[in-house]
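Peer 1: Please read through the structure below; I'll follow up with questions.
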Amino acid sequence: MSVASAVAEQVLNGLVVGMVYVLLAAGLSIIFGVMDVINFAHGELFALGAYFAFAIAGPLGGAGFWVALVVAPLLVGVVGMGIERLTVKRLYGRDPLYHILLTFGLVLIINDLITSVWGKSAQPFPIPAVLDQPVALFGFNYSLYNYGIIIFGSVLAIATWLLLNRTRFGMIIRAGSEDREMVRNLGINIDRYYTLTFGFGAALAGVAGIVLGAYQNVSPTMGSSVIIPAFVIVVLGGLGSFRGAVVGGLFVGLVQTFARTYAPFLEGLIVFLLMIVVLVVRPKGLFGTNIGAGEHHDGALLHGAGGGVLSSATRAKIGYAAVGVLVVVPFFAELTGVTYSVTLLEDILIWALFALSLDLVLGYAGLVSLGHTLFYGVGAYASVLTLLHFSPSVFVALLVAVVVCAAIAWSVGYLSIRVSGVFFAMITLAFAELFYNAVFKFDFTGGSDGLFGVDVFYGLAGIGIDPREFEIPLGIMTIDGGIVQYYFLLVVVVGSYLLARRLIRAPFGSVLQAIRESEERASFVGYDVTAYKRRAFVVSGGLAGLAGGLFAANNGYVAPSFLHWVNSGEVIVMTVLGGMGTLYGPMIGAGVFVAAEDILSSYIDQWQLVIGVLFVLFVIFVPRGLVSLPQTIAEQPLFDSVVRDRAKVNDPEVERHD
Amino acid sequence: MKREEYSSNGGYGPRSSRRRFVQAAGLAGVAGLTGVAGCLGGGGGGGTNSITYGVISPMTGPYGGLAVGQRNGAELAIKHVNENDDLDVEITGVYEDTEADPSTGRRKAQSVVEQDGASYLMGAISSSVALALNEFAQEQEIIYNPGGAAVPITGSNCNEWVFRAETNTAQMAEAVSDYTAENLGTKVWFHIADYAYGESVMSRVEKRMKDGHDIEVVGRSRSQLGSTNFNSYISQIANSDAEVAVLGMTGGDLINFVKQAASQGLKESVNLMSPTMTFSVVRGALGEAAYGTYGGVRYLPTLETGDNQSFVEAYRSEYDADPDNFARSAYMSIRMTARGIAEADSTDPAEVKDVLPGLEMDTILGPNQFRDCDHQAMNPVWPGELVAPDSGSGPAAVKLGDMIDGVDALPECGELGCNL
């Protein structure tokens, strides 16, 4: 085969992959770009399309695929409209952050429903027989279905573009994305159009699910495997630009395909490198417009702080009580034999620290970091590598973890703090994914298995406690290394909380909150907004690194999953769940999240469904988080007098759960 | 629904912190405490050896489809052991979900040990979770049966508490290497998913194929774990001189690769071989696209080895489905370990782990044992060809090649990096 036809074949491959990306991103681009909804459930709607098609095509035989191609997207569209009506609609006007929590819940719900109907294994969904054959064109064999994907993708892209740009429907949608109030004032029922738009975006996801279901396979994880690439394409192409999504998709497909042949080491990295470069050089994406960029951060962030029913003196007392409870738990556990509660509490404390670190930027500086697990994971790797190669001292390991993460946070912040809102979220996500994929490639990070077999020493230069040999018999119980580990953890976490509180009460914290409330005003008063945000990001990165380092030192290992984006999503969920903008809220959120998942998953097979429903209800009805629960209840006029007293009794229980 | 009653943990009672005793177990005197726990266990069951087996499987996440088999196989094994009057062992099962995440897996392991009093553990599929549990088992001094196939679990990361009934990648390399070199081609392209399992397939199969055969590696490529588009690699393979492509990947990666390769016509010019091609989930998802490919066989319900047919029958009547490899390996793990407990006549893992290595017993794969020097079960293996089933459509049937005995399939311990 000649070089020319080999290159031509790779161009075709690139176009196929590119069209796959276009199909994935088309629906998301509309929902994300037009409605400002960060829809993590897009992947699950995609999967739902494939499963509906599988259910329809199976019994119908030969023509089934074509029937499914029409019917299944309509069904997904209806599901989408239902989702918009019941849930998304209630969040309009709020910061896109809340959509993360909401759609995270929807992901769990839809995924659980899919596995309970169709099982957990991949299902056969063959390419229709007519298209399932190689054809020889341009001097080489190539799959007819792949040609089909290119043609189908093009037609769909053009049709969608025409719909958005040449019809009244599209005109209203575009107008609504720029100024919803104005459209409403013109007498147009914009809400109805938003429902239709969400349904249309969902239907496009469904179409992609069918076309790709036949090209790949139909399985419960197909949704989560496409969601990150889909976001990349949409952001890279330019938010709110459908044309951008199409060009971006094809561009990424081609670059990725050629990199596979000519620069295989970059596999897994190139897409995110590309995304970072594009966002740094041109924050609005390849085809984005300024209008989109400016509009994307005016939703209301709802904080848990302020106006609580409890006085600060009461809150302080509750805080002391909570720490007191945490101090005595191990003794209680020893006496009753429920030692697992200590194990669970250790995990909770670490996640609480992680959530606290995120809250410093999310709740106080208004920066949505969607890649915070970068610091958690790097902290864990740094601490394990230090313990393995340099020093068995946990102090040294944690110090290294904090310093390394703070340095990375400074660099990431330097590059990305200038961009705001959704773009910042996406650029941090790209950095996190870059590191996630990189650790697989090196021997010193232990590849996909991670690093194991670390022993820690709680001291410096030989003076301190070796938890493996530490033992004090104390009457009916024995105090040993496990206790040292727990109290060390508790001291570090409480210490970090006090440090964060000191920081927030200092002028530094007031400036941050001023920036959160109005960036413009803060800069008019003369503060260097970017520098303040970056400093907060450095502190936050360092604390997240400390959390990761603690986990790794505590458990003696690290694995690539520490860097997986799901952690970033979960820590946002914990923060919002607990109540961001208060330091203790996210810590309570972490406690409730980890404990609920641990307990539910032990007793209920459908635990994802239950947790998903809880998230959705929470974000709709208690958006200010768990810490606002007493106030939310107290504000119910009916229960006002009765509950006002009881709230004071209830709150410590919430704390103690933590 | 899956967690059995708390109180039924076989007389262990509210055990005051296994973790804390065991962490100090290196010290004299503390070993006595562990011994007391063991005695309590024996006494509580009224003459029988009562234990709690923790079964932790990745029920949610990418291995969910395989985990169902693992959990079912374990449940059935526990039922059969309890019903078997010849075996003086009474097992209570506790079932948890690792979510395919090492952190969650380890916490769940801690939960079944501390909360339910389990001193035996079975489960995990991915090697990162299994390796985390390897460490855990050693720390806690409990017996662990991993469900993962990566060599290091009973190789470089082996320890005396880990007993594996799953067939490992090195054994599978023995199954397919000679067959591939002799029947499928000597010009080989290795395509692997870029993670420990893929690397392990490539290094083992390449080493074994070069051993006694004149083969040429014409190319190598690595895709990111979890990739969904493979046509770029498929073109590279099609445009090379390769006669056979060895695929070091499994699950969704393998399914997507083979499906796209089939539609691009690669099967007509290059033989496709993967050690996990015969897995029932792979065959189920690929349908016709798998016809004409080749794989290694760890297990098939049609095997006539040992008491496999009665296992298959029991499994069918219990779950209304055929057992897959993961059901088989979970079933074997627990039944083999139970025989060790009966042999030792003690529920103390420390005593069982001394009796179990090299103990000959009958299994569903015929006479078997956990090998003395690395605790790897000496399972037989087969090469296989995937052919159209008699019905003409649906999941491929497997045409078995010649069986390779357990002794021949398992490389020397030293070669795999373990010497216990």
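Cβ atoms are placed via backbone N, Cα and C, with glycine included.
As listed in TrEMBL for this protein:
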- A:12-38: transmembrane segment (TRANSMEM)
- A:50-76: transmembrane segment (TRANSMEM)
- A:144-164: transmembrane segment (TRANSMEM)
- A:193-215: transmembrane segment (TRANSMEM)
- A:262-281: transmembrane segment (TRANSMEM)
- A:348-367: transmembrane segment (TRANSMEM)
- A:387-410: transmembrane segment (TRANSMEM)
- A:422-440: transmembrane segment (TRANSMEM)
- A:483-500: transmembrane segment (TRANSMEM)
- A:536-559: transmembrane segment (TRANSMEM)
- A:571-595: transmembrane segment (TRANSMEM)
- A:607-627: transmembrane segment (TRANSMEM)
Peer 1: Would you mind listing the long-range same-chain contacts of the transmembrane segment (A:422-440), meaning Cβ under 8 Å and 6+ residues beyond its ends?
Peer 2: 36, 38, 96, 228, 231-232, 235, 239, 268-269, 272-273, 275-276, 279-280, 283-284, 293, 296-297, 367-374, 377-378, 381, 412, 415-416, 446-448, 560, 563-565, 568
Peer 1: So which residues does the transmembrane segment (A:50-76) touch in its own chain, when a touch means Cβ under 8 Å and the partner is 6 or more beyond its ends?
Peer 2: 114, 117-118, 123, 125, 128-129, 202-207, 209-214, 218, 222
Peer 1: Given pairs 6 or more apart, does the transmembrane segment (A:536-559) have at least three Cβ pairs under 8 Å with the transmembrane segment (A:348-367)?
Peer 2: yes
Peer 1: List, by number or range, the same-chain residues at least 6 past the transmembrane segment (A:571-595) whose CB is under 8 A from its CB atoms?
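Peer 2: Distant contacts of the transmembrane segment (A:571-595): 97-98, 100-101, 104, 301, 303-305, 319, 344, 347-348, 351-356, 358-359, 362-364, 368, 370, 372-373, 376, 497, 500-501, 504, 615, 618-619, 623-628, 654-655, 657-658.
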Peer 1: Same-chain Cβ contacts of the transmembrane segment (A:483-500) under 8 Å, 6 or more residues past its ends?
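Peer 2: Distant Cβ neighbours of the transmembrane segment (A:483-500) are 323, 326-327, 330, 342, 345-346, 349-350, 352-353, 356, 360, 394, 398, 458, 465, 467, 470, 539, 543, 546, 550, 554, 583-584, 587.
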Peer 1: With a Cβ cut-off under 8 Å, give me the same-chain residues at least six positions beyond the ends of the transmembrane segment (A:607-627) that come close to it.
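Peer 2: Hits for the transmembrane segment (A:607-627): 87, 90-91, 94, 98, 101-102, 104-109, 111-113, 116, 302-304, 308, 573, 576-580, 582, 584-585, 588-589, 592, 596-597, 600-601, 654.
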Peer 1: So if I exclude everything within five residues of the ends of the transmembrane segment (A:348-367), which remaining residues of that chain have a CB under 8 angstroms from its CBs? That is, six or more out.
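Peer 2: Tertiary neighbours of the transmembrane segment (A:348-367) are 97, 297, 301, 303, 326, 375-376, 417, 424, 489-490, 492-493, 496-497, 500, 503-504, 509, 512-513, 515-516, 519, 532-533, 536-537, 539-544, 546-548, 550-551, 554, 571-572, 574-575, 578, 580-583, 585-587, 589-591, 593-595, 658.
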